[in-house]
Amino acid sequence: MTSTPAERREIETEQAYVDTVYERLDASADVARSLVAEGFARGHIGHEGGLVERDAMVFQATRRLTALNAAHDGLVFGRLNLTTGESRYIGRIGVRDAEREILLIDWRAPAAAVFYQATAQDPSGVVRRRVLRCSGAQVVGIEDDLLDADSAPDDMVVVGEGALLASLSRARDSTMHSVVATIQKEQDEAIRAPSRGATIIGGGPGTGKTVVALHRAAFLLYTDRRRFESGGVLVVGPSSVFMNYIERVLPSLGETSVTLRSLGQVVDGITSAHHDEPVAAAAKGSARMVRVLARAAAAPLAGAPTEFRYFYKDDVLRLDAARLDGLRRHLLHQSSRNRAHPRVPAVLVDALWQQVAGERALEKGREGFTDAIVDDPRFVDFVEAWWPAVDAVEIWRSLPDRLAEFAQGEFPREQMDALRASWAGGVPSIEDVPLIDELRYLIGEVPPEHDEDDDTPKQLMSFERREREDAGDRLRSTRSIDDDGFAHVLVDEAQDLSPMQWRMLGRRGRHASWTIVGDPAQSSWPWPEEAAAARAAALDGKPEHVFRLSTNYRNSAEIYDVAAQVARHAIPGADLAAAVRRTGEEPEHLVVAPGQLVGVARERAEKLLGRVDGTVAVVAPRARVAELTAELSETLRHHERLRVLDGLDTKGLEFDAVVVVDPDAIVAESEAGWRTFYVVLTRATQLLSTVGPTERWREVSRGGPRP
Ligand SMILES: Nc1ncnc2c1ncn2[C@@H]1O[C@H](COP(=O)(O)OP(=O)(O)OP(=O)(O)O)[C@@H](O)[C@H]1O
């Protein structure tokens with residue numbers, strides 16, 4: 001890029017300042033490194049205090065070092081010239097000189113807020129706002145906004161075309177980047193909102209909801225580090241692809257303590273990455289599942305004995321099915337299944353003792369009876385079989401066989417069939433994770449394993465045994481539910497959460513503040529009212545503070561025009577954002593014979609790869625993803641920046657160019673097909689191509705009847 005002599009002179013001046021800041025950063029890193037070394041040396045002092053001191057010292061110094069390293073790239077990105085003549089530099093972290101004078105202000109500090117808030121209409125004392133573009137420690141460009149021309153000194157230089165546009169036109173790579181240098185006013189307001197209650201961030205596609213939410217997490221940690229670091233910040237997004245996409249943003253802002261989980265990973269010990277078919281997914285996500293699972297949690301396990309006979313002295317003691325059922329209800333009335341587990345032997349002994357009538361037995365008394373029975377293998381075996389400690393996953397596994405018994409007509413036949421079929425692989429889907437979590441809370445923690453010194457009878461833990469035999473650790477034990485609470489829960493793409501997923505997150509955020517980010521028009525959940533009720537229950541009356549973002553920074557105006565046209569006709573009430581960037585590239589729409597579809601899609605993808613420097617996606621109906629992946633296998637091998645995905649997996653992502661394969665089939669895929677299609681159309685930053693054997697979607701977007 002060519003630069004003017006004036007710009008070059010300004011760059012030189014800024015470089016000198018930036019160099020000074022880096023020298024101080026390096027000096028701080030040296031101090032942190034020597035503290036780590038000193039800390040380790042203390043470990044050799046030999047007494048316990050030395051080890052504790054070492055741990056604390058090494059921990060703090062390592063953390064500081066990590067933050068300093070993370071802030072290295074693009075450390076200094078902003079400068080404010082104020083009407084007072086003062087100049088302030090803004091950066092990823094705060095840096096002071098040897099005399100403790102401020103060299104660089106952390107972007108999250110109150111003194112930096114004006115960098116984002118000042119406008120030409122309300123300059124708030126700012127004459128010039130300057131964004132420094134850096135490559136590593138090198139200043140490579142400058143973008144200025146003159147906000148108060150009347151107060152500018154005569155020799156003030158103003159260069160560049162505007163930092164925001166320069167940043168929006170960059171090629172996309174596989175990860176999201178921080179936008180700390182170009183956060184816009186309405187975004188800054190949402191980022192800096194107080195942490196009380198629930199902060200709701202809405203807005204159309206590409207308005208920066210995700211990136212704003214992540215900067216907000218960094219802001220919260222800065223303002224109340226003790227609370228949020230010790231309590232934990234949980235960030236939840238739709239898929240692992242999405243989590244990989246956003247995972248670098250917070251570390252690049254110096255924050256590494258945030259827990260990032262996709263919806264399939266929220267429950268410790270379970271990792272799920274695949275969705276169920278839409279019909280099963282809708283049934284599993286529905287609030288009706290709460291009742292189904294409650295019945296499953298309370299029912300006797302399949303194959304549990306229905307009778308117990310015990311011969312004691314001259315008596316035959318008998319617990320028949322009705323009595324056992326009564327005892328089961330009594331135990332479950334008082335606590336959850338697993339919490340009741342240690343009390344089971346005593347309750348059974350009690351019930352049996354009530355039947356003892358023989359003289360010899362009565363002579364020995366209740367204590368004699370208890371001593372005799374609790375170690376008797378017949379009794380121990382019965383207890384183990386009747387009331388084993390049970391893991392939630394084990395109950396989840398048993399559901400398809402007993403679905404009719406537990407569902408009791410909650411679901412129509414089509415959903416029942418789809419539900420049963422969805423268990424076929426034996427591996428939990430993303431939609432299963434909230435069900436397993438619900439069961440964990442219903443049945444309680446798996447009690448600790450038998451301790452030799454403990455005289456309660458040893459219980460069968462069949463699932464745990466099977467688990468240990470499991471080769472992989474995809475399904476580690478889900479036994480502990482103690483550590484689920486967080487201090488802040490941030491939910492992205494919240495419009496897609498099912499009622500069951502809201503319940504799962506609600507359990508993690510009972511005492512938390514929340515940030516909830518979403519756009520209802522992009523929802524793939526078919527019953528929004530049910531989800532809204534579950535969301536309200538998860539928030540449990542916490543006050544809501546609503547922010548709306550209005551500018552689409554992702555799509556070219558040409559691409560967003562097509563998507564917005566679809567939304568206007570197919571998605572009532574869609575919140576349409578204003579796309580500001582024109583590229584002169586109109587999207588192309590191809591209609592081809594069904595037999596040519598895959599070949600043409602490949603050819604378009606290859607063409608687009610040649611036209612953009614960044615990422616390209618081929619988005620297809622679920623049923624065709626494998627076929628297209630095979631067709632493009634050679635191209636995929638040579639181009640890491642090419643991806644083949646289904647519509648749902650594109651949630652939250654963006655690419656420089658997108659080929660949409662068979663749009664009408666994507667629309668027909670589920671009840672929320674139009675909204676998924678809208679998501680797909682709004683993924684491209686520069687070029688969009690649609691290829692299909694039909695074009696009904698275009699007729700609808702021109703105002704034709706919605707099929
Ligand atoms: N202030 C900004 N400066 C530079 N780029 C920005 C800014 N705000 C948003 N962007 C960019 O716009 C794109 C869209 O942002 P983001 O993915 O956060 O939007 P979104 O509202 O979550 O989108 P969607 O709802 O469609 O998933 C990203 O590339 C992001 O970096």
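In case you wondered, yes, glycine gets a Cβ from its N, Cα and C as well.
If you look up TrEMBL, you'll see GLY203, GLY204, PRO205, GLY206, THR207, GLY208, LYS209, THR210 marked as ATP binding site. The annotation domain 'UvrD-like helicase ATP-binding' is assigned in TrEMBL to 182-556.
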List the residues in the vicinity of the ATP site, defined as same-chain residues other than GLY203, GLY204, PRO205, GLY206, THR207, GLY208, LYS209, THR210 with C-beta within 8 angstroms of the site's C-beta centre. ASP519, LEU549, ASN552, TYR553, ARG554, ALA577
For LYS209 (ATP binding site), just count the other CB atoms lying within 10 A of its CB, please. 26
By a three-class reduction of DSSP, GLY203 (ATP binding site) is assigned strand
Per DSSP (helix/strand/coil reduction), GLY208 (ATP binding site) sits in coil
Just to confirm: which same-chain residues, 6+ apart in sequence, have a Cβ under 8 Å from the Cβ of PRO205 (ATP binding site)? ASP519, GLN522, ASN552, ARG554, ASN555, TYR560, ALA563, ALA577, TYR678, VAL679, THR682
For GLY203 (ATP binding site), which residues of its chain lie six or more apart in sequence with Cβ-Cβ distance below 8 Å? LYS209, ASP519, ARG548, LEU549, SER550, ASP575, ALA577
Have a look at the binding-site residues (THR207, THR210) and report the one with the fewest Cβ neighbours inside 10 Å. THR210
Please list, in sequence order, those binding-site residues from GLY204, PRO205, GLY206, GLY208, LYS209, THR210 with the Cβ less than 6 Å from ligand 1. PRO205, GLY206, GLY208, LYS209, THR210
For GLY208 (ATP binding site), what is the tally of other C-beta atoms lying within 10 angstroms of its C-beta? 26
If you average per-residue pLDDT over the domain 'UvrD-like helicase ATP-binding' (182-556), what number do you get? 88
Least buried by Cβ count (within 10 Å) of the binding-site residues GLY204, GLY206: GLY206
